[in-house]
Amino acid sequence: MDKLLIRGGRQLRGEVLISGAKNAALPELCAALLTDQPVTLHNVPRLQDVSTMLKLVRNMGVAAERDDNGTVRLDAGDLSIPEAPYELVKTMRASVLALGPLLARFGHAKVSLPGGCAIGSRPVDQHIKGLQAMGAEIVVEHGYMIASLPAGRTRLKGARILTDMVTVTGTENFLMAAALAEGETLLENAAQEPEIVDLAEMLIRMGARIEGHGTSHIRIQGVEKLHGCEHAVVADRIEAGTFLCAVAATGGDVFLRHARADHMDAVIDKLRDAGCTVAAQEGGVRISSSAPACEHLKAQSFSTTEYPGFPTDMQAQFMALNVIARGASMVTETIFENRFMHVNEMVRLGATIHVEGKVAMVEGVQQLSGATVMATDLRASASLVIAGLVADGETLVDRIYHLDRGYDRMEAKLRGLGADIERISGAAA
C-alpha cells in the first residue's frame, strides 16, 4: 500500500495546473451511455475513480479509450449489459449515476448499491424516489437496485421531482434520465454546483433541452434521442481549493492555472479574511501568503453547506490551516456524518482540536511535529498532506489510495511547487 513521505517547512512557489473536476467527469462519463453515438471528453483527470468508471462502462460493452493528454473517447453504440456489478463499484459512490442513463435509454438497469468513502450516510432513496416519480419500477434486492419501466411503456415520463434534501448525484441522475423522458420534468430543490452546470451544458451539446441549471429549479423537456458531442470537463474547484489552503498554510506565491475563482467564492472569502492575498487573473487564480501562519494568518470559523456556501469537501483542508493559524475557530459540519475522522490524526501531529457532535473547536498552535498518520477518506487525506507540509520533521501519510481517488498526481504537483514530498510504493514501504 503506497504512502507519502513529507518533509515539512518549505514554502510553495510557482504554477500548478488544475485538473478537470472528478465530480463532473464521473457523471459525464455516464452521460455517454445516453447515446449510441461517439462522445469525446477532454480534461478528464487521471484518478482511481475515473479508472473504475471506465472499467465499469467497458464491462457494459462500451468502447472507451483514454490517452495521456486527458482525452477520453466513448462509444456506447454496442452497449449490451445495462448492469453495474458490485465487484466493479464497491469502492466508488458514483456508480449510482449509471442508473438514470441506463433506465432512460434501455428501459431497465441493475446497479449495485454504491461503496466509496466511509463518511456517513449518503442514502440512495432520493434517487429511487425521483425515478419512481418518472414512472420507474425499482426494487432493492441482494444489494442491487433493479429498475424497469412498466409493461407497455418505452420511455420514462416527465414529472415534478422535489427531493427531501439537496442531492448532487440525485440532481445529476434526474437530469440525465429526464433528457430522454417523455414530456417535461421539473427539478425543485436541485443542486446548484458548477459540476451540475457543466453536466447540463454537455447534455445540451448532445441535444437535450434544459433550462435553469445553476439554480434550484431546473426544467427539462425530454427528447426522443440524443447525439454524440465533444466536451471539456470543468476545472476541479476542490483540487484548486486544496492547493489554495496548502499555499496559505506553508506560505508562498502560486498561480493555479485553469482554476475558476467564481466557483470558489466561499473558500476564497475565508482565505482573504484569514490574511491571504487571492486574486482572479487571466487563465486562473493567484494566491500569496506569508509564513509562519501562526503569526500572519487568523483562524476562521465556518459551517459547511450546499453550494454556493462553504463546501463540505473543503472542510478538512481548511481545518488543517486553522490548526496552525492564530486564534481559535469553530468548524461546523452540516452535510455528512462522520466527517471529522481526520481530527485524531491531526492531533497526532500536535493539533489542538475538540469535537462535540457536528462542531470541531480548533485552537491554533505555533508548530506541528511530523508523525505517521493514516488517511481515512479522500478529503481527510488531503488535509493530512497539508498538515505534513508545515510540520517539523517527517510525516508519513498511510493509505493514500484514498487520495488517488480524487487527486490527479498530487505529490508530483506539490513537488513542482517546491515541496519535499515523495511516494513510497507498497513494496518499498
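Residue numbering: from 1, along the chain as shown.
Cβ atoms are placed via backbone N, Cα and C, with glycine included.
As annotated by Swiss-Prot, active site, proton donor applies to Cys117, with the evidence given as sequence analysis. For Lys22, Asn23, the entry in Swiss-Prot reads phosphoenolpyruvate binding site, with the evidence type sequence analysis. What Swiss-Prot lists as UDP-N-acetyl-alpha-D-glucosamine binding site is Arg93, Arg122, Pro123, Val124, Asp125, Gln126, Asp313, Ile335, and the listing cites sequence analysis. Under the heading 2-(S-cysteinyl)pyruvic acid O-phosphothioketal, Swiss-Prot lists Cys117.
Cα of Pro123 (UDP-N-acetyl-alpha-D-glucosamine binding site) to Cα of Asn23 (phosphoenolpyruvate binding site): a distance of 18 Å. Spacing of Lys22 (phosphoenolpyruvate binding site) relative to Ile335 (UDP-N-acetyl-alpha-D-glucosamine binding site) is 19 Å (Cα to Cα, whole number). One residue stands out among the binding-site residues Asn23, Gln126 for having the most other Cβ atoms within 10 Å of its Cβ: Asn23. Around the Cβ of Asp313 (UDP-N-acetyl-alpha-D-glucosamine binding site), the same chain contributes Ile238, Gly241, Arg379, each under 8 angstroms and 6 or more positions distant in sequence. Geometry remark: Ile335 (UDP-N-acetyl-alpha-D-glucosamine binding site) versus Asn23 (phosphoenolpyruvate binding site), CA distance 17 Å. Summary for the binding-site residues Lys22, Arg93: the Cβ-based neighbour count within 10 Å is maximal at Lys22. Within 10 Å of the Cβ of Pro123 (UDP-N-acetyl-alpha-D-glucosamine binding site) there are 12 other Cβ atoms, across all protein chains. Closest by Cα distance to Asn23 (phosphoenolpyruvate binding site), from the binding-site residues Arg93, Val124, Asp125, is Arg93. Counting every protein chain shown, the Cβ of Val124 (UDP-N-acetyl-alpha-D-glucosamine binding site) has 21 other Cβ atoms within 10 Å.
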